[in-house]
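Asker: According to TrEMBL, the compositional bias 'Pro residues' annotation covers 1-13. Per TrEMBL, region 'Disordered' is recorded for 1-24, 82-112. The feature compositional bias 'Polar residues' is assigned by TrEMBL to 95-104. Summarising the annotation, TrEMBL assigns domain 'Ig-like' to 116-232. The domain 'Link' annotation in TrEMBL covers 264-359, 364-456. Residues annotated as disulfide bond in TrEMBL: CYS310-CYS331, CYS409-CYS430.
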Amino acid sequence: PPSTQLPLQPPLRHPNENSFPEVLPAHRGKWQPERFWSRKKAQIINITHVRNSIFNDPYQGEESCFLEQFRKLLESDTKHLVLSSSDRGPEEVAGSQQGGTSPNEDSDAGVRENGPRLLVVAEQAKMFSHRGGNVTLPCKFYHEHTSTAGSGTHKIRVKWTKLTYDYLKEVDVFVAMGHHRKSYGSYQGRVSLRESSENDASLVITNIRLEDYGRYKCEVIEGLEDDTAVVTLNLEGIVLPDIALSLALRYRRYQATTPFYLGVVFPYSPRLGRYNLNFHEAQRACLEQDSVMASFDQLYDAWRSGLDWCNAGWLSDGSVQYPITKPREPCGGRNTVPGVRNYGFWDKDKSHYDVFCFTSNFNGRFYYLIHPTKLTYDEAVQACLKDGSQIAKVGQIFAAWKLLGYDRCDAGWLADGSVRYPISRPRKRCSPSEAAVRFVGFPDKKHKLYGVYCFRAYN
């Protein structure tokens, strides 16, 4: 198969034929054989349907060139695949019924005798944790027809990668083969294999960071056999009951049964104003504010929790969306239903929107600095440094407000040059209608005077 690894495309159906092969016809686009192959296993789109549709296709007159090319590909490359009798085309089946053999029959039989098929299984498809915590992503491997983990003839190679929304790219996380171990990038020193048994390839991640959330692929390779499983790591969920109880006692206005969320989604736009960030600038903006770009699932959960925002923002999958709980005229119309509005996918370099960021619990102290006078921005930065802290970031004020119930009716500088204040208990002169992080704006840094919010990280 070609070396280029391209993703399998979603099924394309002919408008007038439900049984049309799930491949791209010649008259609907350029023929690209590499689209139908994936790595050494030759995992083309369902080989049964493809082969049968080639021999039975009603559109042979229109697409004879396409069919001829694809037939040659199958004859030359599918000899390495294990095909059952139901997977063969009508010509091959007819030949076998007459006592003959298909050109690939001997090689198919040889492949079947090479041993059991390797299977990789994730016991749980989704795992939850929080920033600073530890998590084990489950992954075990078996052989289909034996109870043993490995055949013993080849060394087992385990590779973990993180999947991205650009399906052509994967981020290397960890590789193990025999006694050799190697971790990559920001995962160095934080990942290892659990190895509770000889077939356990589960990955342990310690000191979890915000950017760790996402989808991970466990790949196990033994000789010519390999298989994969995918596990999703989410940094959101409900605090365990004992922790919720301690928080309830600390913040007495809560009851012990009140849910405490481990993450918060917030909209962000820079000093330049709304709709000034392309996708890559939006990524950096979230990172600079102690957060990462939110996923659709995180935005959807935030909408269900009451988030209402009328400016569209980038999400981590490259889509542009915004949540509406109170339909109104400027936000899609007064007669529309509540929901997450979807603008679709836009050019990541040329299109400009706001961004929705996600942050989680932090290991430190967020506080309003008591100071005898109001401060300019530069004075605020120095005041936090003198107090052994740093000026707080936007993600930290949202985390303190949402996750800890922080409440302060004093506007203060933040690291991005904005001025905000968190209100958990709505009241007059602060935020009479709702609990929120109030946004004053981006005042002149040299002449306007405000308080400051600081953050001191714990070692």
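The first residue you see is number 1, and the count goes up from there.
Cβ coordinates are placed from backbone N, Cα and C, and glycine is handled just like the others.
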Asker: Taking just the CA atoms, what is the gap between CYS310 (disulfide bond) and CYS409 (disulfide bond) in Å?
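Answerer: The Cα atom of CYS310 (disulfide bond) is 25 Å away from the Cα atom of CYS409 (disulfide bond).
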Asker: Per-residue pLDDT averaged over the domain 'Ig-like' (116-232) comes to what?
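Answerer: It averages 88.
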Asker: For CYS331 (disulfide bond) and CYS409 (disulfide bond), what Cα-Cα distance in Å is obtained after rounding to a whole number?
Answerer: 29
Asker: CB neighbours of CYS331 (disulfide bond) within 10 A?
Answerer: 17
